[in-house]
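Note sheet for the following structure.
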């Protein structure tokens, strides 16, 4: 009897195990069938709503939603008050924060003091182009209206249309789900640099999907005639890659083009503002030269059951060292962190030195103008300041440059500081020629002091922004929900952090 019981129990266990294995195999077969079947997200056009994509790609969607977790605000002007001096007369002197996750991109764009407080669709300081890297609605509108039409007019014109943050449609085709370049200006930039679009590989695309936004650009005024026969001018995002992707190549391009982003509010220098040349500086680093892509480190593959997929919580790889870094590097996590921290310390040290040199140069130039320096006297130091600040800005504007290309980053900071020091010496000589030998620049050691010197009416800007957020922005989202462009529960999950008090 006991022997029969043992046999029966053993048989039941074996049957249960075989049943489990059969179900597991069938489940994995079902998963593989689903994986090998590419869904059509939208028959025609661009599906900008990532939650619609999430119905077919739940794993990718769930990890993408985690990008909202990086919602902490780091006020870079508070951290580095020199920035208000360096960008005097330009929007970044008002407000500049460290980057956050893609989920937060659209709200950051609306909240920043740089975009102002429009009272209607045709006013405000910024053009339509300032939405271009913030929303998956951008390729939808470009396809529907045309690229030139999209780039025409003020930023506030499309507030109720551009309501979905960076998401699936920015990088993937809505019919095939394949990686694609959704911004035509990147295609033009690649062709200008000598790349053939037909030669791009899948591995290329795993970086170029990012390069659509993480690149240097300027707004090129482009005249055209609309369908109604009216003359229009579009401010088209343009990549200055015709002479190459290096900082000096772009500087040469801008100089030949006679381009300036703005005239400096303190030194009167015709300035260049680097945007976020992450891709360009990445191409000078060891990871790119070894064949790695952005996605290899920022979107490492992960496993769920039999399904292998890219983690769409795009973030600092140091938050996921085991999957992002230690697949190639052989250090422990702690040792690897220490190596990266050393690289960052070196960059930070040179960065502060360069910023201080540049801030002093701008303030010395202001004094030189005040005591009667001529344009002929000022031409050389002003041009030196322009070049120095461009190289400095290019080296740090993408934030991750110290890791992507540490050698190039340190080189650029060194050259920038050297040029800034040259400008300071030239300006000291000019001041001496005008009888000023003991001038000390004013204190810019805090955000408040630096913004005052830069002429930033901070409290006024915040008051205007809050009026805008409580009025026009609410109207934008209400209209978007009614039109079906946005889920009505959006407000419940949307982080709304700012570097300024929201009273």
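Cβ from N, Cα, C; glycine included.
What you are looking at is a predicted structure, and each value in this text was computed from that prediction instead of being measured.
The signal peptide feature in Swiss-Prot is assigned to 1-16; the stated evidence is sequence analysis. Residues annotated as heme c 3 binding site in Swiss-Prot: 102, 210, 213, 214. What Swiss-Prot records for 130, 133, 134 is heme binding site. The feature heme c 2 binding site is assigned by Swiss-Prot to 168, 171, 172, 312, with sequence analysis given as support. The Ca(2+) binding site annotation in Swiss-Prot covers 216, 217, 273, 275 and rests on sequence analysis. Under the heading substrate binding site, Swiss-Prot lists 217, 276. Residues or ranges marked as heme c 5 binding site in Swiss-Prot (evidence: sequence analysis): 287, 325, 328, 329. The feature heme c 4 binding site is assigned by Swiss-Prot to 294, 297, 298, 404.
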Residue among binding-site residues 168, 217, 294 with Cα closest to the Cα of residue 276 (substrate binding site): 217
Cα within 10 Å of residue 325 (heme c 5 binding site) - qualifying binding-site residues among 168, 210, 297: 297
Secondary-structure category, per DSSP, in which residue 172 (heme c 2 binding site) falls: strand
Separation of alpha carbons, residue 298 (heme c 4 binding site) and residue 312 (heme c 2 binding site) (Å): 8
Which listed residue (133, 168) has most other Cβ within 10 Å, given these are binding-site residues: 168
Residue with minimal Cβ packing [other Cβ atoms within 10 Å] among the binding-site residues 213, 328: 328
CB contacts for residue 171 (heme c 2 binding site) [other CB atoms within 10 A, all chains]: 23
Distance check against residue 134 (heme binding site) for the binding-site residues 102, 213, 287, 294, keeping those with Cα within 10 Å: 102, 213
Residue 130 (heme binding site) and residue 298 (heme c 4 binding site), distance between Cα atoms, whole Å: 25
From binding-site residues 102, 171, 273, 287, the one whose Cα lies nearest residue 297 (heme c 4 binding site): 287
Residue 130 (heme binding site) versus binding-site residues 171, 214, 216, 217 - nearest by Cα: 217
Residue 172 (heme c 2 binding site) and residue 217 (Ca(2+) binding site), distance between Cα atoms, whole Å: 22
